[in-house]
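Chemist: Before I ask anything, here is the structure I am working with.
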Amino acid sequence: MMGRSPGFAMQHIVGVPHVLVRRGLLGRDLFMTRTLCSPGPSQPGEKRPEEVALGLHHRLPALGRALGHSIQQRATSTAKTWWDRYEEFVGLNEVREAQGKVTEAEKVFMVARGLVREAREDLEVHQAKLKEVRDRLDRVSREDSQYLELATLEHRMLQEEKRLRTAYLRAEDSEREKFSLFSAAVRESHEKERTRAERTKNWSLIGSVLGALIGVAGSTYVNRVRLQELKALLLEAQKGPVSLQEAIREQASSYSRQQRDLHNLMVDLRGLVHAAGPGQDSGSQAGSPPTRDRDVDVLSAALKEQLSHSRQVHSCLEGLREQLDGLEKTCSQMAGVVQLVKSAAHPGLVEPADGAMPSFLLEQGSMILALSDTEQRLEAQVNRNTIYSTLVTCVTFVATLPVLYMLFKAS
């Protein structure tokens with residue numbers, strides 16, 4: 001490599017970067033290295049739709065469980081929040097706190113009672129020992145050497161008895177104090193419970209009164225709406241035959257006018273036919289046939305149009321007559337029903353019908369009068385029911401006011 005003629009020599013060794021050797025003019029070698037970077041890891045290709053769908057299918061159960069868990073936690077927290085608000089509104093929290101205080105006071109009182117029991121037992125045991133010492137002291141003569149020892153022991157035991165008695169009295173005082181605190185906690189708990197019961201009763205009473213008022217208002221509104229619907233129905237039933245008769249009269253007048261126009265047209269046509277006679281000259285005879293043909297065509301077209309229009313009017317009149325017959329039957333049936341209602345309401349004023357229904361024999365005037373009478377009676381009945389409901393509501397509210405005042409004053 002050193003004997004090559006080019007001025008550059010390349011040396012490549014496995015694991016070693018390329019080294020570029022350049023021989024200078026003065027015989028010195030200049031080394032230059034070139035670092036080759038290895039290519040990075042090839043990026044993975046895009047996933048296929050099947051793999052994406054499979055991964056989504058595997059993730060769906062976990063997502064569903066997480067979503068269900070979050071929804072459950074949210075629902076639980078919401079329900080707990082509303083339940084806490086309800087308990088705070090009703091007063092259950094105060095009652096629960098008072099019951100907790102009662103429990104704590106009871107525990108303290110039981111501890112104080114145990115201390116009193118122990119102090120009493122210790123005092124009784126010490127008094128028994130002191131009695132034994134006194135008995136021995138009574139049996140020993142004062143000249144004996146044990147007398148001084150027994151007297152000293154008695155003196156010590158008397159001091160111990162005094163201390164135990166003081167402790168017993170203090171334990172009793174503590175027991176009385178704890179018992180008074182326990183009694184106060186019990187009274188407070190009972191007071192809170194009674195207040196909660198009174199509050200619940202008052203709110204239930206207020207809710208009942210409001211519910212009754214809302215029910216009366218709703219029934220009044222429903223009765224008023226029904227009365228308005230009944231009025232509209234009766235007015236429609238009353239105005240129906242009149243409007244139909246007016247339509248029939250208008251159609252009949254238009255039909256008579258069309259018949260009159262048709263008759264005038266026929267008269268004009270006959271006049272034109274008779275006017276075209278043999279007294280005219282040849283020139284006029286030569287020029288008249290096209291004119292007469294045009295006049296005849298125009299008149300025949302007008303005649304056909306009038307005939308078709310008259311047929312349409314006739315068919316409309318037939319349809320209106322059928323509708324009028326059906327409406328008359330319906331009105332007669334309604335009149336019969338009204339007659340039956342009147343006979344049921346006033347049995348002494350209306351004679352009983354023998355055999356068939358007399359509804360087809362009633363006239364339109366009597367039917368309208370019967371409908372008006374029924375409307376007036378129904379309106380009077382609905383107004384009477386509304387007045388009664390209002391009076392009952394007012395009386396109930398007036399009777400409830402003193403009770404509410406007394407309850408709120410007591411609470």
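Think of each number as a place in line: the chain as shown, counted from 1.
Yeah, the Cβs are placed from backbone N, Cα and C, and that goes for glycine too.
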Chemist: Of SER70, SER77, SER189, which does Swiss-Prot mark as phosphoserine?
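Modeler: Matching SER70, SER77, SER189 against Swiss-Prot annotations yields SER70.
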Chemist: Around SER70 (phosphoserine), how many other CB atoms lie within 10 A of its CB?
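Modeler: For SER70 (phosphoserine), the 10 Å Cβ neighbour count is 10.
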Chemist: Quick test of the contact rule: Cβ under 8 Å, at least six residues beyond the ends. What residues does that give for the transmembrane segment (387-407)?
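Modeler: Same-chain contacts beyond the flanks: 198, 201-202, 205-206, 209, 212-213, 216, 219-220.
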